[in-house]
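One structure is given below, encoded as structure tokens.
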Amino acid sequence: MDDPPIRGIAQPFGLSRDSGGGGVGSVVLEEEATLLLPVEMEVPQGNDVVGASGSDGKVHSDHHMAIEIPVTAHQISHDSWFQVGFVLTTGINSAYVLGYSGTIMVPLGWVGGVVGLILATMVSLYANSLVAKLHEFGGKRHIRYRDLAGFIYGKKAYALTWGLQYVNLFMINVGFVILAGSALKAVYVLFRDDHDMKLPYFIALAGLACGLFAIGIPHLSALRIWLAFSTFFSLVYIVIGFALALKDGIEAPPRDYNIPGTKVGKIFTTIGAAANLVFAFNTGMLPEIQATVRPPVVQNMMKALYFQFTVGVLPMYAVTFMGYWAYGSNTSAYLLNNVNGPVWVKTFANISAFLQTVIALHIFASPMYEYLDTKFGIKGSALAIRNLSFRILVRGGYLTITTLVSAMLPFLGDFMSLTGAISTFPLTFILANHMYLVAKRNKLTSLQKNWHWLNVLVFGCMSVAAAVAALRLIAVDSSNYSVFADL
């Protein structure tokens, strides 16, 4: 006999650490504008994957439009706040940091770049904390961003948030594959600068490596020791980039720190750099990461966020400022292309950047993997033939598409700008502030409400402006380079 569906609104509390058992049920979400639904639910015990036989509950609502929220097939409620903090820090200190000197500091200059990074850090911590505090809103755990938006707003917001999030994560992953391919090409150029092997070939190799890693790691919590490797690799390329840039800066003549470009061009690049600022600090998948943390989930997630935005940002600051100081307006979008030093040292840094990127991509692809695994009931042993075959075909197919797009349009800085504009701004700032405003409206003062509305308005305008600027940059670069360009 099939398990009955769980009727409720989102992931209930009381979850254990064992993700191996239980049937895959579904949760029905009633579209509710007033947010605070009276709910009666029996909380199942003994499984991370909720959906065991005999669990049922009721939702009282006047609305009849419902959407199904599947119970996850992945492991949740398992990780310490410290491990989650390293997941977040891995995102901040991914190989993307090697581009911030060129994509943030060059368009903004010293004053704009330094002030912008500090402000972006503070604003991002604030916005992420709003989302983290809503994780248990309404007496439920909302383990996906779209589940939280759907609970607060209803069916249309559920679909819109889902679309925005997957566009965001897909474009981030495109950037990661470009980065990984660029790192491999940089190693090749160190030994053979004959242009026989072009960037698209290295992007293809990078995509293959990411696919193999995705097949071997079933879910986000399974990273574990790989997070330690990721931290080590990050420190390698950051320390080497910092040290070689410092050496070059001491030995070099005075640099030009003027913002390059025409007056109109400067306006667009400045707006694009603002999108890069928010891209640098935000994942767009905070509820999915928070789903892995042990109870108490809000307190532990706040510890992880404080770790991310204090200790976690220091390496990124160091290499970003040092790179710009050393090379000024000539800093490239990949710092290791600027630095001078022993071949073996630069090779070590580039290989570390490549390996760290493979791990980081898996984090940002995990919501897509979770969706597919849950939809098709992929759970149990990761080495089971059915599960392994599914990961090879489906995850391999997803990364093949990602790699193809990366090879066709390898404009890394432009993708960072567009991602920040069309998805990071709306998800992390606009939606976070408005969700908190709606969810807590009866507890907020007029001043607090006005503050959140101001954030929604300001970041909404910035999102539109940044999208226009990013599309202009992509159009300019696309006219200068053919598809599958060798940058």
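Including glycine, each Cβ sits where the backbone N, Cα and C put it.
Note: TrEMBL annotation is automatic and uncurated.
The annotation domain 'Amino acid transporter transmembrane' is assigned in TrEMBL to 79-471.
According to TrEMBL, the feature transmembrane segment maps to 80-99 (among others). If you look at the transmembrane segment (80-99), the same-chain residues 6 or more away from its ends with a CB under 8 A from one of its CBs are 175-176, 179-180, 183, 220, 223-224, 227-228, 230-231, 234, 237-238, 241, 279-281, 283, 289-290, 292-294, 300-301, 303-305, 307-308, 311-313, 315-316, 319-320, 323, 333-336, 353-354, 356-357, 359-360, 363-364, 412-413, 416.
Look at TrEMBL and you will find 106-127 (among others) tagged as transmembrane segment.
The transmembrane segment annotation in TrEMBL covers 166-187 (among others).
According to TrEMBL, the transmembrane segment annotation covers 199-217 (among others). For the transmembrane segment (199-217), the list of distant contacts is 176-178, 180-185, 188, 223, 226, 354, 357-359, 361-362, 365, 369, 388, 391-392, 395-396, 399-400, 402-403, 406-407, 410, 484-487: same-chain residues at least six beyond its ends, Cβ to Cβ under 8 Å.
Here TrEMBL flags 223-246 (among others) as transmembrane segment.
Per TrEMBL, transmembrane segment is recorded for 304-327 (among others). Same-chain residues lying 6 or more positions outside the transmembrane segment (304-327) and placing a CB less than 8 Å from one of its CB atoms are 81-82, 84-85, 87-89, 92-93, 97-98, 100-102, 104-106, 110, 113-114, 117, 121, 124-125, 128-129, 132, 234-235, 238, 241-242, 245-246, 248-249, 252, 255, 257, 280-281, 293, 335, 338-339.
Note on the transmembrane segment (347-372): residues 72-74, 87, 90-91, 94-95, 98, 144, 165-166, 169-170, 172-173, 176-177, 179-180, 183-184, 186-187, 190, 206, 209-210, 213-214, 217, 219-220, 223, 226-227, 229-230, 232-234, 236-237, 240-241, 283, 285, 288, 336, 378, 394-395, 398-399 of its chain, located 6 or more positions outside it, place their CB under 8 angstroms from a CB of the stretch. Feature annotation from TrEMBL assigns transmembrane segment to 347-372 (among others).
The transmembrane segment annotation in TrEMBL covers 392-412 (among others). If one looks beyond the transmembrane segment (392-412) by at least 6 residues along the same chain, the residues whose Cβ comes under 8 Å of a Cβ in the stretch are 99, 103, 170, 173-175, 177-179, 181-182, 199-200, 203-204, 206-208, 210-211, 214-215, 333-334, 365, 368-369, 372, 376, 473-474, 477-478, 481, 483-485, 487.
Sequence annotations record features per position, and here TrEMBL assigns transmembrane segment to 418-439 (among others).
The annotation transmembrane segment is assigned in TrEMBL to 451-475 (among others).
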